[in-house]
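> Here it is, the structure in full.
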Amino acid sequence: MTTDMNADSYVTEDGRTIGPVVMDLKNITLRFGGVVAIKDISFDIREGEIRAIIGPNGAGKSSMLNVISGFYKPQEGEVWFRGSKRPPMRPYQVARQGLARTFQNIALFEGMTVLDNIMTGRLNKMNANLFQQAIWKGKAEREELENREACEKVIDFLEIQHIRKTPVGRLPYGLKKRVELARALAAEPSLLLLDEPMAGMNVEEKEDMSRFILDMNDEFGTTIALIEHDMGVVMDLSDRVVVMDYGKKIGDGTPDEVRNNQDVIDAYLGVSHD
Amino acid sequence: MPEQLLFAMEVTLNGLMAGVLYALVALGFVLIFKASGIFNFAQGMLVVFAAMTLVGVQTGQIPFAHLINTIFGTKVHHFGWTVPTILAIIVAGAAMVFVAWVIEKYILQHLIGQPDIILFMATIGMWYFMHGFAPLMWGSEVMKLDVGLAQGINETIDTTTYNWFGYGFFIDNLDIVAAIVAALLVTALVLFSQYTKQGRALRAVADDHSAALSVGISLRFIWVLVWSIAGFVALVAGIMWGSKSGVQISLAEVALKALPVLMLGGFTSIPGAIIGGLIIGVGEQLFEFAVGPLVGGATQAWFAYVLALVFLIFRPQGLFGEKIIERV
């Protein structure tokens, strides 16, 4: 079976529909003073796909993610989101557009319970004004119930029912990662960015996380872009892979194409200079 | 009942009432520290500025009258009207929101990502700026603040205790009002932060900036919000202190009393601020009562600070502060 990946939409071998381009990055260059973190990189992310960004340490993967989520502002290049060019935006504005993310070093609200953390993911779905919230009738009550329900769905999905009322600060690392994912998922994002979702996990936890990522994509149709430096995991998960090295893009394509790319092999295994 | 014990009870009650006033000032510090990690040295000045604005608006004073007179050679001082108290409080509250907005836009906005000490220095700058600005706006005379709160001895308590013990307790009505207002204020703040969208966002920002941004919370909005709330708390504290002792610039020094309160209660805890305030209030009154006569009195001037010092040694995070854990 052949698939034309340049078409507007196509169906993958496992029967998922990949739609048109959601996020298009054009010639992004990011500098910190004299250091070039990202050099003239372009790639796109399509609706419904799992897109991986891989590369050795220091390749600029996290910087790329921070550009997409608005935490860094690139000096050159354009970010196109859903067919229109994105003006310079602050991270919270990007989030309100429907981008959710997780962080490499976990950024959770440690003092709040798991449920409260996940509820913050839905803050932007609440429109009741202060007065309505104070009298707790009509819109405020309805919204709270709706949001609560949506959160419970996410909690069930990620299998964290048993810790809903636990303050996040007390949880072990692996569960924190999962709670952070839950918070991002609760926002029902049109693009979900995961910064090393499996970093520091053991094999079993990695398998769980892979399953969640696949299921999220399958059941909710969530578009996911993720960073990972574990090649094995990425190849099984993703539809397309971007490979970065020293701030440059050295490969882009399906896992098979990337696996056989000589530049990628060199970057990962090293190359002898003789 | 022995007379000494009755005295001690009266002193304790009065201490509790004084503690409420300390707690009101400390509350303003806690709010800002919790949400932005800034120790706002200027909180005491906010109290004075709020109180001055309230009196100025209420009595129909023309702002910057001195400045206007000097520049234009006029002799204006009052508009010639008085504003109803409720309206004046609303106007003063709005002024505090405006101050919060100005502070965020012209000071904090430019210091994002700077070390805490820089932000702390900036608030010292704010203290001095307002120290000059407030009198420039409203004049430097002692202003009399009267918002119609009951004052003087509470007859009911006096008579009741006299009938019970044969000795009437002296409790000031104003102190009772202050205690009720403080209780209402704290309840409202807790409800706001626990059950509203904005409150949730505020707690989120207090916990982790990056995470808050990633779920779509505007840090700027939250900072203006939290400085506005601190300004409003300052207004309430200003009304209470001002009604008691008149409004003048030296009122800002009550803020210094908030420091030991914070060390006792913890910088990040709202209940801590209240309980710390009460402990200091009662502690310094009782200490003066019991030990004062032996050492020549005036122990109130230092008791709170020494108590705070002892706390720093044994429990640096305060009674309710977050435990400080350092990983190596």
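Cβ atoms here come from the backbone N, Cα and C positions, even for glycine.
Below, the features straight out of TrEMBL:
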TRANSMEM  B:12-33  transmembrane segment
TRANSMEM  B:45-67  transmembrane segment
TRANSMEM  B:79-103  transmembrane segment
TRANSMEM  B:115-138  transmembrane segment
TRANSMEM  B:176-196  transmembrane segment
TRANSMEM  B:217-241  transmembrane segment
TRANSMEM  B:261-282  transmembrane segment
TRANSMEM  B:294-314  transmembrane segment
> If we call contact 3 or more Cβ pairs under 8 Å (sequence gap 6 or more), are the transmembrane segment (B:115-138) and the transmembrane segment (B:45-67) touching?
yes
> To the transmembrane segment (B:217-241), which of B:12-33, B:45-67, B:79-103, B:176-196, B:294-314 is linked by the most Cβ pairs under 8 Å?
B:79-103
> To the transmembrane segment (B:79-103), which of B:12-33, B:45-67, B:261-282 is linked by the most Cβ pairs under 8 Å?
B:45-67
> Compare B:12-33, B:45-67, B:261-282 by their Cβ pairs under 8 Å to the transmembrane segment (B:176-196) and return the stretch that comes out on top.
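Ranking B:12-33, B:45-67, B:261-282 by Cβ pairs under 8 Å to the transmembrane segment (B:176-196) puts B:12-33 first.
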